[in-house]
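Engineer: Let me begin by handing over the structure; questions about it come next.
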Amino acid sequence: MAHYEEVNVRGYDEFCQAVSERKGKDIFAYFSGDKDASGKSWCPDCVTAEPIVRGQMSHLPEGSVFIYCQVGERAYWKDSTNAFKKTLKLSGVPTLLRYGTPQKLVEEECFKADLVRMMFTED
């Protein structure tokens, strides 16, 4: 059994609900472009980053939560007024962040296994 909880959500409302149901826990969130029926995201950087991020998940802190969030279709994501950009201040996908902290890896930073591991292991 994993030492962390993984939650898969789609869209801003589901993300907020997942966070509110886990108040007080150490939450890591990974934001990716939506996947199609074949499981491939419209975002090429997300396709590159996902196996790297998943490869470091064994380093997640005991009892933490990993939320995998699909941000929506490309047209929704590109709209500068979408809730992810307005409220969470996301600037690109993929983004990996430690919720409630300034710690954030954006786009190509998510390709670097050492940076991902540091985020999962540093307080």
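Using the three backbone atoms N, Cα and C, a Cβ is placed for every residue, glycine included.
So Swiss-Prot says this about it:
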type: ACT_SITE; residues: C43; note: active site, nucleophile
type: ACT_SITE; residues: C46; note: active site, nucleophile
type: DISULFID; residues: C43-C46; note: disulfide bond
type: DOMAIN; residues: 41-123; note: domain 'Thioredoxin'
type: SITE; residues: P44; note: site 'Contributes to redox potential value'
type: SITE; residues: D45; note: site 'Contributes to redox potential value'
Engineer: At a 10 Å cut-off from the C-beta of P44 (site 'Contributes to redox potential value'), count the other C-beta atoms across all protein chains.
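Structural biologist: Excluding its own Cβ, P44 (site 'Contributes to redox potential value') sees 10 Cβ atoms within 10 Å.
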Engineer: Looking only at the domain 'Thioredoxin' (41-123), what are its DSSP counts of helix, strand and coil residues?
Structural biologist: 39 helix, 14 strand, 30 coil
Engineer: Please give me the CB contact count at 10 A for D45 (site 'Contributes to redox potential value'), counting all chains in the structure.
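Structural biologist: The Cβ of D45 (site 'Contributes to redox potential value') has 18 Cβ neighbours within 10 Å.
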Engineer: Can you count the other CB atoms that lie within 10 A of the CB of C43 (active site, nucleophile)?
Structural biologist: 23
Engineer: Kindly state the mean pLDDT of the domain 'Thioredoxin' (41-123) in the predicted structure.
Structural biologist: 96
